[in-house]
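K.L.:
I'd like to ask some things about the structure below.
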Amino acid sequence: MLIWLADWLTQFDSGFNVFSYLTLRAILSTLTALLIAILIGPKMIRYLQRMQIGQTVRDDGPQSHLSKSGTPTMGGLLILAAIVVSGLLWADLTNRYVLVTLTVVVAYGIIGFVDDYRKVIRKDSKGLIARWKYFWQSVVALGVAFYLYSSATMSAETSLLVPFFKEVFPQLGIFFIIITYFAIVGTSNAVNLTDGLDGLAIVPTILVAGAFAIFAYVTGNANFAEYLNIPHIPLTSELVIVCTAMVGAGLGFLWFNTYPAQVFMGDVGSLALGGTLGVLAVLVRQELVLIIMGGVFVMETLSVILQVGSYKLRGQRIFRMAPIHHHYELKGWPEPRVIVRFWIISIILVLVGLATLKLR
């Protein structure tokens, strides 16, 4: 939005042309989202406490979690507000990729909000019934998938980039819709499963979003794309602004969510952040790299699938508790140790994902 104002003001002072530079707007986007989260955070936490919008803790989980009962939740609203406001201010809103991404942020945020509202405010322990949650996630994901497929103007927009292999860009055709669907819905639910310890989900989200900012920049830059031998998609450049807004908002939220957490993001945050990472992966054509960089999310999800499958088939559990972060807690690891070690794993995996730009 401000890019339009700066463009108009350029006729009076050429100095305003500086706001057309993507790198400057990326920095300002990060700082704007960070400041929004830092400044509004305390007020939101006090409001949530006053309204008694607190987390309910299961009594069959780690005993250390019982002290978390009543901690304000639905703090994801703070993250989403910071992302959307910063994105609207600093991104080019004529870019359809930006609009699609912000739509996913809001749509999945609404789904998560309804789930949290039913669980926390209406005291319905089941929240939004699973089949309805999945239904609405699917509606949004399929709507985005069909739109992106039908509006594609370049073959690169619907090709699959295979990491570590040079010049392997198979055309997906109609399978693009299927991959897009699973990328968005799958990542949304994976981040939701990961969000079980203080700061556990937000730091990998920040790291992956930061990496996608790099992918978006090089994919949208013709010179870098040619040098790295990746498809050039000009529209991805503006996604840098959304990615950096996610980084800033995430850092601001981490200020209050770090151990011991003053607020939890709730489903309104985790579902929206996961869905956004999924659509970003699709837009920058890095769905397979998302599996690498989001390895912590994948690990958490697989632990649940294996646990449920093993119990139904054999009547035995593989882990003491799933998702797997609870398994390590029940083994005696202090919560901060579990969190930081998962962060370290995430840092390593993101670096491996970034290395795919050159190692091919």
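Just so it is clear, glycine is given a Cβ too, placed from its N, Cα and C backbone atoms.
OK, Swiss-Prot features for this one:
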TRANSMEM  21-41  transmembrane segment
TRANSMEM  73-93  transmembrane segment
TRANSMEM  97-117  transmembrane segment
TRANSMEM  134-154  transmembrane segment
TRANSMEM  168-188  transmembrane segment
TRANSMEM  199-219  transmembrane segment
TRANSMEM  239-259  transmembrane segment
TRANSMEM  263-283  transmembrane segment
TRANSMEM  288-308  transmembrane segment
TRANSMEM  338-358  transmembrane segment
K.L.:
Check the transmembrane segment (338-358) against each of 21-41, 73-93, 199-219 and return whichever range has the most CB pairs under 8 Å.
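P.N.:
Stretch with maximum Cβ contacts: 199-219.
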K.L.:
Hey, would you say the transmembrane segment (97-117) packs against the transmembrane segment (263-283), going by three or more CB pairs under 8 A that are 6+ residues apart?
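P.N.:
With 3 or more qualifying Cβ pairs, these stretches touch.
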K.L.:
Please determine whether the transmembrane segment (239-259) and the transmembrane segment (288-308) are in contact (criterion: at least three Cβ-Cβ distances under 8 Å, sequence separation 6 or more).
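P.N.:
They do not touch: fewer than three Cβ pairs between the two stretches lie under 8 Å.
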K.L.:
Spell out yes or no: are there three or more C-beta pairs under 8 angstroms between the transmembrane segment (288-308) and the transmembrane segment (168-188), with each pair 6 or more apart in sequence?
P.N.:
yes
K.L.:
Give residue numbers and ranges for long-range contacts of the transmembrane segment (21-41): same chain, 6 or more residues beyond its ends, CB-CB under 8 A.
P.N.:
3, 75, 78-79, 81-83, 85-87, 89-91, 213, 217, 237-238, 240-242, 244-249, 251-253, 255-256, 263
K.L.:
Residue list, the transmembrane segment (263-283) vs rest of chain: Cβ under 8 Å, 6 or more residues beyond ends.
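P.N.:
Same-chain contacts beyond the ends: 41, 44-45, 48, 55, 71-80, 83, 97, 100-101, 104-109, 111-113, 115-116, 119-120, 127, 137, 140-141, 144, 148, 179-180, 183-192, 194-195, 201-202, 205, 208-209, 212, 216, 233, 235-236, 239, 242-243, 246, 250, 253, 256-257, 289-290, 294, 297.
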